[in-house]
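Listed in TrEMBL:
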- 52-69: transmembrane segment (TRANSMEM)
- 89-108: transmembrane segment (TRANSMEM)
- 106, 292, 296: Zn(2+) binding site (BINDING)
- 120-141: transmembrane segment (TRANSMEM)
- 185-202: transmembrane segment (TRANSMEM)
- 214-236: transmembrane segment (TRANSMEM)
- 248-271: transmembrane segment (TRANSMEM)
- 314-330: transmembrane segment (TRANSMEM)
- 342-367: transmembrane segment (TRANSMEM)
């Protein structure tokens, strides 16, 4: 199969690359793990079996950014650097890092076997950080009481929190039995689960390799269940907004976006585990259309629906009489602060980086000595077209 005639670095068959590089049912389009950084960057414009994996998470960065910035132009929205938007920015950081790390991992993993391992360790770390970024957005925008003012309406007027509320619009909505979990354990739980996910996924690159795709998919089911607790809560109880209010109308689409978010996650998991369609026709979908590309597309569609879900709740809060408060106004359930949003993400990222460094050191010990051996074993005949 002619893939790369006239190119300096040829594309290879699965029989010509180290076993560590091979993917199930992908027979051609491989890059040998001795590319320079320039070679890797240029390969984004060549038909390799990683080209689609790169573009299906790189281009969505710009699509996500387009829909994300829309929030700041809404009527009544505070400045984009206001504490109200801290959780939304941490969510953006999580998504941006996930998409960029994923696309770069697929683009740069051919520099060496060690770099390949590090690239995907970083990929797993950003996925876990994304789940916590989502949790922070869920906590402050979807959770029924977190940081919401004790304000109320009386004869059409809205009481300011400084003068005391006439009524608490969400007190009858919140279920006391769940308050302890939401207020104390929700965010710490998502962080702990994220760390467990990083450890588990990184381990699949050194152990349990036969079932690595199933393990990685199932491992991320746990953070989804924990992170989505506020959404489940909202779906199982009545809306915190008055049915006659514009906030209720704005929030009505939340459930639809969440169900679509779940649907795309399920479809992406099916592609990731089944390895369809290349399982049915090995070699036919090597460059375009193989399961990992569909997996990327579906995961981004799930993120996009999640963004729309969060935006509906942000709009509902902006339209309601209950706004996020400054931290001192409601000590028990403070509004978002630098420490409770960016601080949480920074602490988590520091922990994840330390985990990645440990696994990278282990990978260096395993694959570092093989670098010179691979260079010697790379036959000159591979400079021909395949």
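Cβ atoms are placed via backbone N, Cα and C, with glycine included.
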Recorded stretch that, among 120-141, 248-271, 342-367, has the most CB pairs under 8 Å to the transmembrane segment (185-202): 120-141
Residues near residue 106 (Zn(2+) binding site) in space but at least six apart in sequence (CB under 8 A): 50, 53, 54, 57, 119
Chain residues in Cβ proximity to the transmembrane segment (52-69) (below 8 Å; excluding those fewer than six residues from its ends, i.e. six or more beyond): 44, 92, 95-96, 99-100, 102-103, 106-107, 287-290, 292-293, 296-297, 300, 303-304, 307-308, 311
Env. residues of Zn(2+) site, Cβ within 8 Å of mean position of 106, 292, 296 Cβ: 50, 52, 53, 54, 56, 57, 102, 293, 295
List of residues, in chain order, with Cβ under 8 A from that of residue 296 (Zn(2+) binding site) and at least 6 apart: 53, 56, 57, 102
Seg_contact(the transmembrane segment (342-367), the transmembrane segment (89-108)) with at least 3 CB pairs under 8 angstroms, min sep 6: yes
Cβ neighbour count (within 10 Å, all chains shown) around residue 292 (Zn(2+) binding site): 20
Distant-in-sequence neighbours of the transmembrane segment (120-141), which means Cβ under 8 A and at least six residues beyond its ends: 86-88, 90-95, 97-98, 100-102, 105, 109, 147, 182, 186-187, 190-191, 193-195, 197-198, 201-202, 205, 216, 220, 223-224, 226-231, 306, 310, 313-314, 317, 324, 335-336, 340-341, 344-345, 348-349, 352-353, 355-356, 359-360, 363
